[in-house]
Amino acid sequence: MAASGLKVPEMALRVCVVPLALASLWEMATNAQADDTYGEVKFSDLSGFSYLVGVNAVTAAYALVSILLSSLKPLARYDWVILVMDQASAYLLVTSASAAAELLQLARRGDREVSWGEVCSYFGRFCGKATVSLALHAAALACFVALALVSAFRVLSTTGSSCHPPKHAQAQEHEQGRYN
């Protein structure tokens, strides 16, 4: 499949990222719960959840910009920039997902070795919203992983690069091996 044949799936992935990232952001940013006995918990109390909100905002904004750039006349000189930005977005989504998942795991199970009790039995709605946000975040991550692969394919196909050495390099290696 030629790189130009990936235009529609690429655009569909970019369009999908925006609502996924914004829904994840909204679900987490509005996440707070109060309990008469244990007080209040909100997303901003936990740095991993705040990081997830920030990364969702950045990736949604980048996805919007990349949709606009992609809808304009495709300029090959921006292919590398798009590739790097898609990769960076995927990496940011991975790191924020892992930070949020760790917090959610601690909230659900606690950690007896450091005397942290589980809190989801007291703040169930908070944990539920955090889980939904993390699932939406993971879906946005899957889109960006696919976008990074599409972008890499586009860059490699437009620059004529490949994963294999040129035939003359293979011939030279073969000759050197034969005469050494």
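For all residues, glycine too, the Cβ spot is worked out from N, Cα and C.
Topology check against Swiss-Prot: SER71 and SER157 carry an identical topological domain name and occupy the same side of the membrane. Using a Cβ-Cβ cut-off under 8 Å and counting only residues 6 or more beyond its ends in the same chain, the topological domain 'Extracellular' (29-48) has close neighbours at 96, 99-100, 102-103, 119, 122-123, 125-126, 129-130, 133.
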